[in-house]
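**Q** Okay, these came from TrEMBL:
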- C:44-67: transmembrane segment (TRANSMEM)
- C:87-108: transmembrane segment (TRANSMEM)
- C:120-149: transmembrane segment (TRANSMEM)
- C:169-194: transmembrane segment (TRANSMEM)
- C:226-246: transmembrane segment (TRANSMEM)
- C:266-286: transmembrane segment (TRANSMEM)
- C:307-328: transmembrane segment (TRANSMEM)
- C:348-366: transmembrane segment (TRANSMEM)
- C:378-399: transmembrane segment (TRANSMEM)
- C:419-440: transmembrane segment (TRANSMEM)
Amino acid sequence: MEAKVLDSWVLAEFATPDALVDATRQMREKGFLGMDTYSPYPLHGGSEALGLPPSRVPFIALGGGLTGLVTALAMQTWMNTVDYPLNIGGRPLLSLPAWVPITFELSVLFAAFGIFFGLLGLSRLPQPYHPAFESEEFRSASTHGFWLSVPHPTGQDAADVKNQLTALGATHVTVVSGENA
Amino acid sequence: MSRLSAAMLLAVPAIAIGGLLAYVRSPLVTNQARPVEQPIEFDHRHHAGDEQIDCRYCHWTVEKSPSAGIPSTTVCMSCHAQVWNKSPYLTEVRKAFFADQPIPWVRVHNLPDFVYFNHSIHVGKGVGCATCHGRVDQMAAIEQVSTLTMSWCLDCHRDPKPSLRPAEFITSMTWAPPADKAEAAALADKLYKEYDVHSRTSCSTCHR
Amino acid sequence: MAETAHALPLDPLEPRDLVAPHHDDRSLNETLLDHVWRKPGKGWFMLLGITSAALGLLVVGVTYTLARGIGVWGNNQPVGWAFDIINFVWWVGIGHAGTLISAILLLFQQKWRTSINRFAEAMTLFAVMCAGLFPLLHTGRPWFAFWLFPYPSTLGAWPQFRSPLVWDVFAISTYLTVSALFWFVGLIPDLAALRDSSKTKLQRTIYGLFALGWRGSGRHWHNYKIAYLLLAGLSTPLVVSVHTIVSFDFAVSQLPGWHATIFPPYFVAGAVFSGFAMVITLIVPARKYLGLRDVITDRHLENMNKVILATGLIVSYGYMMEHFIAWYSQNQYEFWTFYVNRATGPYAGVYWLMITCNVVTPNIFWFKKCRTSVPIMWVASIAVNIGMWCERFIIIVTSLSQDFLPSSWDIYSPTWVDWSIYIGTLGLFGTLFLLFLKFVPAVAVSEVKELQLELKHAAHANGHHGVEQAAAGTLTHGAH
Amino acid sequence: MNTKPDSAPAQDTPTSFALPVVSGRNEATPAAHDHDHAHDDVVTEALAHATTRAVPAEGAYGKTYWLGLEEKLATPAFLEETRPEFPVGADLPPTGFARREFMQILGASLALAGATACSTRPQDERLVPYTKTPPEVTPGNPLHYASGMTFAGHTSGLLITAREGRPIKVEGNPQHPINKGAAGPFEQAFLLSLYDPQRARVLRQGNNPRSLRVLAEDVSSLVSTKAAGDGGARLRFLSEPMNSPLLGDVKARIQRKLPAARFHSYSPVDQAADEAHRALFGQPTHALYDLTRADIIVSLDADFLESRPANLSMARQFADRRDPKNGELNRLYVAEHRMSITGGMADHRLRVKSQEVFGLAAALAQAVGGPAASLGASASGKAGTLRPEVASWVQAVAQDLKSKAGRSVVMAGERQPAAVHALAQAINAALGNLGTTVKVVPAAAPEASGLAEIRALVEDIKAGRVDTLVITAFNPLYTLPVDAGLAEVLDPKLNANRKALSVLYAGHYEDETSKYADWFVPLAHQLETWSDGRAVDGTVSIAQPLIQPLFNGVPEAELFALFLDEPYRPAYQMLREYWTAQGGEAGRADFETRWETWVSEGVVPGSIAAGLTASPDLGAASTLVGAYQSPAAGDLEINFVTDYKLFDGRFANNAWLQELPDPITKITWDNAAILSPATAKRLGLENGNVAELEYGGRKLQVPVTVLPGNADDTVTVNLGYGRTGLHEVVAKDVGVNANLLRSVNAPWFDGGAKLTKVRGSHTFARTQYHWRMEGRPLALDMSVSELAHPSTNTEHILERVQGELELGKRNVLPDFDYAKNPTEGYKWGMAIDLSRCTGCNACVVACQAENNIPVVGKEQVGRGREMAWLRIDRYFEGSENDPSMVMQPVACVHCEKAPCEYVCPVNATVHSDEGLNDMVYNRCVGTRYCSNNCPYKVRRFNYLHYTQGKTSTEKMLMNPDVTVRNRGVMEKCTYCVQRIERVRINARVEKRLIQETELQTACQQTCPTQAIVFGSLADPAQRVTQLHEDERAYRLLHELGTRPRTAHLIRLRNPNPALVAAAPEQNAAPKGGH
C-alpha cells in the first residue's frame, strides 16, 4: 500500500505538531507523494494530511477472532465428542455450554494476535535498520521532534524540496539516503 | 528483513513443537527396531521358524494368564537334555539348570507398570501373536515391532476386526487375511461374531 | 499560559490537574525518561534487596515443594486447595485493575488513565505471572501439567473441556498473552524514545531491538492508534471473562459457599477492588521515589479511591446476597456455611477481618478528606489487599473444611512452606516491579505528551470559549 | 532408569520354590539348622559391627550395642542373606512385583515422559523366570490356600491368596463354621505381620547368636541329665492357652517324660468366664450363643460384636436378625460403661459403671425369677441398692426376657468377674435358654489361664523352685498388670537370685520380655509354618504355610518338641504323625485322602464339639457370688479394656492396625483416657488435655479424650499401647502403657481412681472430629414402627433421600445408556445395610490390604491425610451424654452423575461403560479438584510419596493387580476393579457371564455381618439389585442429584415400647430434617 520507497529522503523538522501537519498537507497539495511524518505521539489530523486510507487492522482482528472461534469449537468438539468420547460424569458428549469459555478465550487470543501481527505487518516492523536513523538529529522524532520526510531520487539536487520545506516553517532540513527494503 | 524476522518468529516455535511431537513417536522413544541382546543367544528364527515349534510350547501360560510367561529352564532342558546337549551354546543354560539359577532375560516388550495387559483375553479372542510381536520367526534377536503407545492400543480396541484371525492360526507367523478386501471383511465380521469380541475402551480396562 | 491554566479551575467538580501544567515535551522527557539513565538510588537497591530476599524464599519453597511433594504444604483432606488457589485468585484479581485502567478507561476516553496505565499494566503482567505460578505448582505432578494443553499425544487422550481448570488454562494464558501484547504495543513508542535518547551504543542496541524499528512514522501511528484501541477493546471483555472463569472454578462445583451464580460479577468486582487497592499501594511510594507527582497527581489517586469505594460496595452487596440466598433458600448446607461455619467457625477471625477490611474500610472514601489523604488511602489500600486475600481464604478454606458430611470435616493450617511461597511471590512481584521501574518508562510518555498537548489546547480554548470546552481532559470528557 | 533394585538380586536366586500345598516338604531337611549354619557368619559380622559401636561403659547390653546391631541387621543385604531360600526371583514373573516401582520411575525424572506418556518404560528390566515352575503355579494367576490364625485361644479359619509364592491377601475361610468366609481386622492385618521387617531374626543366648542346634543341645542336656532326675520339677512353661491339638499332644508327651514339670497358661482375656464355666459345669467349657434363635439379647458389658475371630459367627447371626426381610428383628439390651461396638448396635443401652453390672445382673436374676431368683437375691444383698433408672431398666428387660423364654440370651462380658458370668448363666438356665440359644461346649484350650497361674509361677520362682522358665506366651512382662511380680523375679536388678534361673523366651519380636531372656528364640509366623488349632466351637483347622520362614523363625511346635529330646522332626511331620495317630488303625489307611481334604479345605470335618447337656451347678454359682468382692469405693472408676486394634498389644507393631481409626473414638496411633462429657466437665478436662491418672498409688500421665456415651464417673484406658520393645519401631512410644496402673486384684476395673489435669496438651490424630449430623439426613436410622408408619417429618426426609429424580425435576441431565439386563452387560452397584453394619473396621483393613493403600503415620493422619479408601463414619445422635450411635461405611459411591469427573482437566477420572467411576492414576496430574468437588469426600490424595522406602519384604506384600500410587496422585475406591477385570477376563475367555458368586469386593468378602453387597444392578436376580429396591434403600446426599451406585439401607431399631414410653425423647424419630 505504501508508495514506492526511493533511496533518498529529504528530512525536515518542525517546531510543533500543528506546523508539521500543515506542512504535510501543503506538500501533498503540491503533489509530493510517499511522504511520511515522524512524531513522538500521534498527530492530530496526521493521517488525513498524509491521505492514508482507513487502516486494515480491524479486519485482520475480525478474521483472527473468527478463526479462534471456529478453531475452539472444532477442537473441543472433535477432541471430546468425536475422537475419544468418554462418559464424563454423565454429561452429554457434546456439552456446548461448557465449550463457551474456551471458545471466547481463543477468539480473543487469535484476534489479539491478529491485531499485533497485523500492526507489525502493516507497519513493516520489525525493521531494526532504517536509513533515517543515519541522521543524528532525526533521533528527536521519538522524543520531541516533529519531522517530515519527502522521497527524493538519489543524486538529484534536493535544494528545491529543501527550500519548499523551509518555506513551510521547517527548522531543520537534511537529506539522507540508503538502502531500504 | 522484516518478513524474514516475522517468519522466524512464527517458524521457530512451530518447528520445535513439531519436532518434539515427531521425536516422541520415533523409535528413539518407543524402543522399536532395537534388537535386544540376551544373556543367552536364543534364536527364535531357529525355534519358531525352522523347527516350527508352536509359541505356546514355551510360552504356555499365554492362554490362561495375563502373562505369556517366560519359559523356565526346565522347558529348555526338556529338549536340550536330548538334543544339542553338549553344545557350547547351551553351556549357560545347563549351568543355570543344574545350579538352579534362573536366567535373567532382558525384557523387550516393556509396558509401563500401570498398564495391565492380559494375554489370555487377546489370544482367546483371536488376536494372533504376530499381530503385535511381528515376525518373530525372522528375528535373530527379539525386537519390539509395535509402538506400544496408548494410541496404538486404542486403534485396535476401537476397530478390532482387522486384527482377528481364526483360532487355528493364532500362533501362525505367516497367516495373512485374504487378499480380497471384501472376503477379508467378511471373514473379520464372521470372526468378530464368533469370538464375541467386546473390545473396550474404558480406562479401567487397562489401568487399575 | 501555564500559570493561567493552573490558576483557572477547569471544572468546578474536578479542580485538580491531570498533568502539572508547567510541562512541555522536553521537560516531560526529563521527568519520565531520565530515571532510566540515572543510576538507581540507595532506596532502590535497598528495596531490591528486600524483594530479592523474599524471592529467595520463593525459590526455597518451590524447590522444597518439588522435591518432597505438596505434602509439605498444609493442604489436606478435605481442604484440597488452600494457599495455592487463594494466592492464585488473589494475584489474578490484582492483575485485573491494570487491564481495567488501561483498557476500559481508554475505551471510555478517560484521560486521567494515561499517567498510570503503564504502571497498572506492568502490575497486571507481573501479578499474572505470580498467579500463573500457582496453578502449575499446586498440581501433584507439575511435570505433567502440560497435559492440560490440547496437543496430539501418543496417548490418544485429550484434555477434558468441561473442567473449569482447562478453561483457566486458556483464560490465564490468553490473558497473559494479550496483556503482554497490550503492554508491549503501548511501550513501543517509548522504547523508541529510549533508543533515541540513549547515551551509549549498548543501550541503543538493546532498546533498539525491542523498539522493533519504530520511527513514529505517520503510517505507523495510523495503524497503531486503531490497533491499540482494538486491543483495549478486546482486553475489556477479556478481563471480565478471566475473572468470571476464575470464579467458575468455584461456581461450577457444588460445594456450599461455592455453588453460586453471583460469583462471576462478584469476583470481577472484587478483582477490580483489590487491583485498584494494589495500584494505590504501589503508586504512592513510586511516585514519590520517581518524582512523578506532576503526572500522577492527587486527582488520579482520588479517582482511584472512588473506584475502590464503588467496587467495595459491589463486593459488599455480593456478601449480602450470598447470605441472603443462604437464608432464603433454606438450604441446610448453605445455611451452615454462611451462618455457622464462616461467621462463628474455626476461621471466624479471618471472616471478621475480611468484613472489616472489605466492607467497612472502603466506606471511609465517602469522605473527601480520606480520599485525598495519601497516608490514609495508603493504609486503607493495604487493608483492602489483606481483606481480599482473606475473602479468598474464607471462600476456599471454609467451604472445603466443612462441606456436606460432617464426618469428613477437618481443619486446615498453613505450614512455613505455604507462607514462604506466598511471601516469595510478593518478592517476585516486587523484584519485577523494581526492574520495571528502573529500565522502562513507568509512565506512558507518548500518551502523556499527547494528553499534555490536548490539555493545552483545551486550556487555550477555555480561555476563549468558556466552560463547556474546559471539560476537555477531565473525567467527564468525551471524544475529542 | 537403570536396572530396578528389585530385579538386581535375581542372580542370587538359588532355587525355585514350590509351595507345600498338599504333599508338603517331604524330604524336608531341618531347614532352621541349615539357615543358622549358613548364616552364622553374617550374624557374627553384625555382632562384631555392633561391638565396635558399643560404648564400653554401657556394658555389653547397652543401648548403643543394640543400635549397632540394628543398623547392621537392618541392611537390605542382610535381609537377603538371612533368607537364602527365599525365592527372590521367583516372585518376578513377567508382570511381577517390579510393577510396584512404576510410580517411582514415573517421578520427576522424566518431564518429557508425558509427551508420549508411554516412554516411561524403564530400560533394561530383567525377566526372571522360574528354573522349575511349580506345577500348581501359573505365573500371573493367583492361588488360594486354606490356613489359620491362632489368637487368644481360638484358631480362625483363613483363606489366603498367593501370587507366585507370595501371600498377598487374607480372607476368611468359607468352609469354616465360625468364619464362613468372613474375617475381622486382626485376620486382615495378620498378613502385614508376616512381612514385618522388624520381626526378630536372631536366635540368641544372651547377646550371642546361636544356631537352633546349640539350643537343641542345651535343652537336650537339660532334659536328659538335669531334669531327668527330678522329673523336671524345676522346669516351668508359660504359654498361651493351647488350643492346638498338636501342641496339646506335645505338652502331654513332655509331661509324660517330665511329670514334675509344670505348664502355666496365661490368656489376657476370658479368665473370669473360664473360671465361672469351669465351676458351673464342672469342666473347662465355653458358652456358644446361637443368636439366630435369640429374640432378646442382653449384654452385661459383653462386647460380643467386636470382630474378634471368635465373635465372627455371632456378629453374622446378630446381623441376620436385624434385617426385616428375615422376620421380626431381635432386640439388644446393653449395659456397659463405655460406648462399645455392641453398645452402638443396642436398641436400649444403659450407661452403668462396670461395678454396677454385678448388681444389675443380680436384680435381673431376681426379676426373671425361677431358679435364678435366690442366687439373684443373695447377690443383690452384696451389691446394694440400684440407681432408680437402672432398676426400672432391669424390670423392663426382665419382662421382655420372660416373654421370650427360651428365645433369649444373657451374656456377661469378659471383663466382669466370675460371679456375673454365673448370674448370667443362671438367668439363661432359668429362662430355658440353655440348649436352645446357649450351647455349652468343652473349651478349646482346657487349661486354666488366669492370673492365678502367674501368681503360682511367681511364688515358685521366688521360692527358688525353678531353674528353667520357658515363655511362649505373648510378652507377659508387658501384658501383665504391673504388680503381678513376674518382672521383679526376671529382672536381674531386682532379683538377686536371678542367675539361678534360666529364661527362654520365644516371640515374634525382641520385646519387653525378650530383654530379660537368657535365650531368645524368634518364632516363625503362623503363615510360615505348619500348625493346627481349635476354634471356640471345637472346629479344628489345619494351618498350612504360605511361604518359607522369612526371618529364620522357629515353629512353636518344634520349639516345644526340643523338650522331648527326640530326633528333630519338622512341624509338618509332627503334625501329620499326630493326625495320623488320631484316626486310629482304620483312619491310617485313607489318611492321605483325608489329609488332603483337611489341608485344602482348612478344616477337619466333624470336629465341631457337641454341646453339653448338663445344667449349671447353682451351688457353685452361689459360691462364686459369695466370693465376689466389691471393688474399691471412690467416685472415679478406672476401666481397662483390650484395644479394638492392638488387642493386648500383640498387634502394636502392625502399622495397618495402628493407623486404623478406633471404631468409636476415631483416634489413630494413640490411646487415651476416655471420659464422658459430664465427667470431663466435672474434672475440668477437655479433649487433648493431659492428666495424671492415679490408681492404687501408681501414677501415669495420660492424654484425655471426651467421648459421648461413656458412663459418668468412669475413665477408660485401652491396653496395648506404650510399647517399649527394642525393635518394634512402629509400636514404640505410641500411646501410654495402662498396664503400669493395673493391679492383679482388679485387672479390669476398680473404683478409687483419681484424674488431675497437668500442664501440657496432646494432639490426637483422628479421622473424624465432628460427631453430630447437624440435622442432615446422612446415616439414617429409625425404629421399625417409624418406617412402617412414617411421621410427616420422616416422610419429608425419605422424600429427600429416596425421591425420584426426573428430567426437569431435580435433574437436568439425560440418562446414560447402561445395561438394562444381564445380557447387555453389567451395571455395577453396591448396597450397604446400616442395620447390619456394626462398624467393626474389618472392611477398612481388607480394603487396605487389597488395594495397596499406604500407611502414612500419625503426623500425616493428624494433618488429615489418611489414605483409607473406605472409612466408617460414626455419628452420635441424641443427648451428648447418653447418645445413640450409628455407623456408616462410606467409600466412593460411584455416582452416575459424578461431580468429580467433570472438573478433572485431564480425563483422569471418567466413567466406564458399566458405570464405574474409574480413577486413572497414571493420567492424574493432581489438581485435587475432584476431591474438592466430591460431596462424599472419599478421594484420597498422595500428598507425599507414601509408598517410598519399602523394604523388599514389605514390597512382597503388595497386590500386583493394583497400581502402587506415586506422590501427587489422587486415588479412591474402585469397587475393586482389579477383581472385576480378572473375573471378567476369565468369564470372557470361557464365553459366559460373570456369576454373582465369583465376584466380591474385598470389603464385601470380609464383612462379618454381610452388610456390604456388590453386584450388577442390571441383573434383577442379584442380591444387590434387590437391596437397591428395598424400601430401606436410600442414596446418600440424593438431593444433589449425583445418583450414587452405592445405596445405603436405613438402619432399623427395635425399641421396647415399655422403655420408649418411659423416655420418649430418647427414641424419637430420626434426627434428620431441618
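Cβ atoms are placed via backbone N, Cα and C, with glycine included.
Can you tell me where each of these features sits in the structure?
**A** Here the transmembrane segment (C:120-149) has Cβ contacts under 8 Å with residues 62, 65-66, 69-70, 81, 84-85, 87-92, 94-102, 157, 159, 165-166, 168-169, 172-173, 175-176, 179-180, 182-183, 186, 275, 278-279, 282, 421, 425, 428-429, 432-433, 436, 440, 442 of the same chain, all six or more residues outside its ends.
Only residues 6 or more beyond the boundaries of the transmembrane segment (C:169-194), in the same chain, are considered here, and those with a CB under 8 A from a CB of the stretch are 29, 33, 36, 92, 95, 98-99, 102-103, 117-118, 121-122, 124-125, 128-129, 131-132, 135, 148-149, 159, 203, 207, 210-212, 214-216, 224, 227-228, 231-232, 234-235, 238-239, 241-242, 245-246, 440-441, 444-447.
If you look at the transmembrane segment (C:266-286), the same-chain residues 6 or more away from its ends with a CB under 8 A from one of its CBs are 89-90, 92-98, 100-101, 116, 119-120, 123-124, 127, 239-240, 243-244, 246-247, 292, 296, 300-301, 304-305, 307-308, 311-312, 314-315, 317-318, 321-322, 358, 362, 374, 377-378, 380-382, 384-385, 388, 391, 433, 437, 442.
For the transmembrane segment (C:348-366), the list of distant contacts is 273, 305-306, 308-309, 311-313, 315-316, 319, 342, 376-377, 380, 383-384, 386-388, 390-391, 393-394, 398: same-chain residues at least six beyond its ends, Cβ to Cβ under 8 Å.
Residues of the same chain lying 6 or more positions beyond the ends of the transmembrane segment (C:419-440) and with a Cβ under 8 Å from any Cβ of it are 35-36, 40, 44, 47-48, 50-62, 65, 83, 87, 91, 118, 122-123, 126-127, 129-130, 133-134, 137, 187, 190-191, 194, 282, 286, 289-290.
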**Q** When each of C:226-246, C:307-328, C:378-399 is checked against the transmembrane segment (C:87-108) for Cβ pairs under 8 Å, which one has the most?
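**A** Against the transmembrane segment (C:87-108), the leading stretch is C:226-246.
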